[in-house]
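Q: Let me begin by handing over the structure; questions about it come next.
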């Protein structure tokens, strides 16, 4: 046999031996793993504690398997990954099994404790049954003691009530004379609390004319001209009609939308109908008091904003000239906290002087304010200082609002105090500048600084306040305009208040 054939046979045998060795190692590894899994299942089913020892004792199985893979460089990476996943899942299962095992032990322990407690409670119940009669007797004694105490307290309370009743009877005998005085004092207060029913405006024109003629007779005898701030919806020409319906001899109105900067101008038809209605119902145009827009603030230190207010201000005055109205009332304004009151007063007076030059004959009327923060006009001195800086003194005046006056700190609740306030006004401002009155009751207290109007007889002011206005020399032949809330929503409240005030004035005379 040749030499090279022998070498080939030798190498072939060696190669076959190596293959058999590798196969045997792999088979043994898998067989060991299979056995390990079976043992793990058996051990895990018995108790989780034995499984701990199993994991520690059989780590060499996986190390052998991995070493074989590394030595032979086989492409079994997936097998290694599966091995790692098996270990992780086994650990999770082990933790779950431990938790379950602990819960089982706790439940067994608790069941033992419950059994022991039941046994103890049975013994206690036997003892308690014997003692229940003693406890009931003890509780009955306590109840009897409490009942006795309650009886004593009721007797004491009855004695106290009898003593109080005796003292009240004695006080009634003593205070008979004082009661009559208190009744006289509280007459005005009871009038405030009574629910007043306001009659509606008559539907027939004849009845309206009859009521209107009665008011004219009152006005002629007293020289007091009452009216209200009435609606001008649908056009200024409707204002005289609405004033006639409430029996007003004077009235106030807005010549345009009081909450907008721009409004359409008056048409020739508006002006014509307004003049015709004033003649029809015998209105004196000297007793008409238009009210300026709420947006106007001539005291504003900002030049642009003050100019915007001024243009609206002058537009109102020119509308008064178109309607041949002689008075125009407005709120002086506020410093807005951006300048001093002196500077605000100067801004107001400069705007009025400028408006006088651009218009002809309308008298600009300053309304006193309630004393809100930064407002100008709450003090008589403010009004005096504005008037002192006006060039044309014949075209400036003042409107006193009773609610604002009271809220600003001037006490006008009694006849005597109102007289003092008006004398003070005469000395500081001069009563010749008093051109109009806004007649309102006040919801707010004296000196509160709050502008809160109320219906006549329902606020903080007294009937003496309104009697003084109806009879005092300071308020003759000027427009006295109600600005009370229209609680009836049809202005019939103004008709009632006008008639009420005139009748009160007639009784005083």
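In case you wondered, yes, glycine gets a Cβ from its N, Cα and C as well.
Note that the structure is a prediction, hence the values are computed from the model and not measured.
Got these off Swiss-Prot a minute ago, pasting:
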SIGNAL    1-24  signal peptide
REGION    144-188  region 'Disordered'
COMPBIAS  152-164  compositional bias 'Basic and acidic residues'
COMPBIAS  175-188  compositional bias 'Basic and acidic residues'
BINDING   291, 331, 367  Zn(2+) 1 binding site
BINDING   367, 401, 438, 483  Zn(2+) 2 binding site
BINDING   404, 451, 453  Mn(2+) binding site
BINDING   404, 451, 453  Zn(2+) 3 binding site
Q: Taking 8 Å from the centroid of the Cβ atoms of 404, 451, 453 as the cut-off, which other residues in that chain fall inside it around the Mn(2+) site?
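A: Those within range, site residues removed, are 370, 401, 403, 407, 438, 440, 442, 450, 452, 483.
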Q: Minimum Cβ neighbour count within 10 Å among the binding-site residues 367, 451, 483: which residue?
A: 483
Q: Under 8 Å between C-beta atoms and at least six apart in sequence, can you list the same-chain neighbours of residue 291 (Zn(2+) 1 binding site), or say none if there are none?
A: 229, 252, 253, 254, 258, 329, 330
Q: Of all the binding-site residues given, 331, 453, which has the fewest Cβ neighbours within 10 Å once its own Cβ is left out?
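A: Looking at the binding-site residues 331, 453, the Cβ with the fewest others within 10 Å is that of 453.
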Q: Between residue 451 (Mn(2+) binding site) and residue 331 (Zn(2+) 1 binding site), how far is it from one CA atom to the other, in Å?
A: 12
Q: So, in DSSP terms, is residue 483 (Zn(2+) 2 binding site) helix, strand, or coil?
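A: For residue 483 (Zn(2+) 2 binding site) - judged by DSSP and reduced to three states - the answer is coil.
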Q: Across all the protein chains here, work out how many other Cβ atoms are within 10 Å of the Cβ of residue 438 (Zn(2+) 2 binding site).
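A: For residue 438 (Zn(2+) 2 binding site), the 10 Å Cβ neighbour count is 25.
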Q: Cβ distance under 8 Å to residue 404 (Mn(2+) binding site), same chain, sequence separation 6 or more: which residues?
A: 367, 368, 369, 370, 371, 378, 438, 451
Q: Just counting, how many other CB atoms are there within 10 A of the CB of residue 401 (Zn(2+) 2 binding site)?
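A: Around the Cβ of residue 401 (Zn(2+) 2 binding site), 26 other Cβ atoms lie within 10 Å.
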Q: Can you grab the distance from residue 401 (Zn(2+) 2 binding site) over to residue 453 (Mn(2+) binding site)? Cα atoms, rounded to a whole Å.
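A: A Cα-Cα distance of 10 Å.
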Q: Using the Cβ centroid of 291, 331, 367 as the reference point for the Zn(2+) 1 site, which residues of the same chain not in that list have Cβ within 8 Å?
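A: Near the Zn(2+) 1 site, the remaining chain residues are 292, 329, 330, 365, 399.
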